[in-house]
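Inspection log for the structure reproduced underneath, given as structure tokens.
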Amino acid sequence: MSKKVTDLRAEAQGEEQAASPLLPLSQSKFTSSSMGSMELVGIRERKPMKVLEFESQYRQPDEKYSVLEIVKERIVKKCSKFSCKRMLVSNFPILSALNKYKVLRDLPSDVIAGLTAGIMMIPQGLAFAYLSTLDPIIGLYISLFSSLTYFLLGTGQQVSFGCIAILSIMMGSILDKYEIRLRQSAGVESCGTFLTTTTLPSPLVNGTTSFSTAVTTSENTSFSSPGVDWSNTTASPLDFLDPAIIQEKKLQLAGGVTLLCGIIFVILGKIGLGKVTVFMSDSMVTGVTVGAAFHVGSSQLKTIFGLSFLPRESGVFKLLKLWYSILKNIHHSNLASIIAAVICILIIYLVKRFINEKYKDKLRAPVPIELIVMMLATVITYYASLHDKFNISIVKNVPVGVPTPRIPDMSLGVEYLGDGLVIIIVAFAQTVSVAKLMGMKHNYAVDSSQEMYAVGMVNIVCAIFSGYISGASVSRSMVQDGAGGKTQIASLFAAALVLLVMLFIGPYFYYVPKIALSAIIIVSLRSLMLKLLTIPEMWRKSKVDCMVFVITVAASVILDADLGLLVGVGVSVLLILFQAMRSSVDMTTHIALGEQGVWKSKDKYYGGEDVAGVKVVRINSPLYFFNAEITTNAIFRKTNLNPLKVKKECFESEVKPDKSEAASKADAGSKDVGKDKIIIDTLPPNHGRHNGDLTAVDAEKGDAQNGNGSAVDEAKGHTNSTHEVPQLASSNAPVQAPIREVPFSTLILDLSGVSFVDLMGVKALEFLIVKYGSVGVDVLVTNVCENCLDTLKKCGFMAKQGDRVFLTNETAFAFKQFPETLQITENTKL
């Protein structure tokens, strides 16, 4: 703060101390008058203060800076705080954790937690990578390098990074599209190029099934594909039918997409856009993951039923197509595969449900049932020759060692970059969600931008080492935390265990049955499927969140997981816009609480007392272009007075006067003159005119004659009622025959619930002041926040209507009860 501002503040404080202090609010309170209405007492001993006076006395002067000065100040601030140590700690959070690390206290817990998470990574990595249509060993590559990278860069101390089922099935969708293009370019699915006939396997006959495929080629066949350049390769199109070549091309595509998405997220994280997660609600992200869980589980039905010969479906409605294809070929199921899968599923479920979950407080680490089942299934498959006798699918060749680093071909990933961004957004949202959950539990901060940077770097490393997009695993993170994990060092031990498996145990995975991997996947989806049971509770808590969740799940299941995310975002935006358009307006009343009091909605609270001739309306939403007209119409309804409709009735009475009716109402109206009210049938010719301006009446006669104005159509129930209009100081017209009675003379607009106002909102306030003023109702504005007050000043509202703006409702009532204490000047022209 500058010296000038400090001196001004000291001067203001000195004047305040020299002057007589304001009496507390308790000495200026509401009480019941002898007439039964509410009145404000103690106001004469306490001088009420208007907003303009308050601002001039207490507001600090605004310091104005040029753009160059602002940029210079920020650069100096950044440079003054720059240090190599701070830069290293901000980019490598593990340094901060190591600085506080207690070896004797934390290391044993991290070792146990890391090994526990690593034991889960092995079977889950193999199983989840199988979902992506790539080799299962890819899952171990991802588990190793993602854990090592997040160990250095992540801020979630109990987060377990690695291969995830949801992301794998979404990546599998991209690879399926690419594989279809490869095969189309080779003519496999072209009617006139290659003719493929496949004999479906008959149900288990002597323990074997047989396939026969004949491929014939037509002459002078040309091959073309936007994704394959045949002119620069010596391979023939038929070579691309080799599964090994297809797998290599798909791995290149997965790496290219992952590398591009990782680079984008690194840049976004460094410029601080990690806070975009606030735009992704938990209900939307959960809806996408639950919807994708249906795709993950359904994709395993082919393996469980022994229908691996069925083609993978892709595109919109692929899940429905898959179910139809399975039902159509259900008679070709492999009975041995079904029995083995059911046994594996039951064992894993029973142990996890009735041992790991039931005794989790007593167990130091959960029973690694997935790894146990996979090992037992491998041994049984090998010694019982299940693959040869009963055609049980196995993993087969598994490479040994660490993959050679290489930069994938990013040109392949450009076309599928949009799909890849959807996948990495889901990965980032889930990672931040898990990290913040752990941070809240263990009382440490999570930097969203650093997490975005970490996710980007993790996926860059995974792309270089033959992997694809990865993220934080909810289940493994919970297990790692439950096993006592203290810091990211636990991820280091998990990665070390995975590395040992890759180096020494890889060949023993040859006979791992795929049904065991499918069983692990199916049981791992249980927690996601149980979220469907929370829909009734979610509906009771928040109907908006429940709608987002249900629609996102339905779109993800029926369409696809990536399209489900887009639908979820669209629905969330539409609901936000709908909520923004809805304007919450309450008619409030004063409820006395001892010497204090509160203003509450008359519709929701009882026991309040009103002041005669005054209505208080509170606006509970921002006032801007989206809801300005809706808010004004809502105020008309709440006050039961639509000035536009009153003017229209007055105009119609002038055109077609009913003398007998007017005469009878004049007699009745003459009896009410002593009640401090004026009863009119037409407005005074100069009513509402200030400083020579045209009156609002003159401006509205054309509107009333044409019957336009949406607010007119919104008003209801005024035709047969009578209202009284209080006489304004500026109105000097003679009393005329009655048409309507206005039941109040002052309307107080309480803006305590308005956090933002734009130009249209300011015009809405001016509109209300003019329209209500045209029928004899003074409009006062109270409880304006500082941000909105600045906008009112910039738009010229305070210069024209500043005398109508008060600090509190009590100050506005002071003007109503004792006009001599505060006077509204005649400067209300628009």
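Here the Cβ of each residue, glycine as well, is placed from N, Cα and C on the backbone.
When TrEMBL is compared with the stretches 1-21, 295-315, 400-420, 589-609, the one noted as region 'Disordered' is 1-21. Checked against TrEMBL, the range among 159-175, 516-532, 754-770 recorded as transmembrane segment is 159-175. Proximity of the transmembrane segment (253-273) to the transmembrane segment (159-175) is established through 3 or more Cβ-Cβ distances under 8 Å for residue pairs spaced 6 or more apart. Beyond the ends of the transmembrane segment (489-510), by six or more residues, the same chain brings 94, 97, 101, 106-107, 109-111, 113-115, 117-119, 121-122, 125-126, 136-137, 140-141, 143-145, 147-148, 150-151, 158-161, 378, 394-402, 480 to within a C-beta distance below 8 angstroms of the stretch. In this chain, the transmembrane segment (330-351) does not touch the transmembrane segment (420-439); fewer than three CB pairs sit within less than 8 A of each other, excluding pairs fewer than 6 residues apart.
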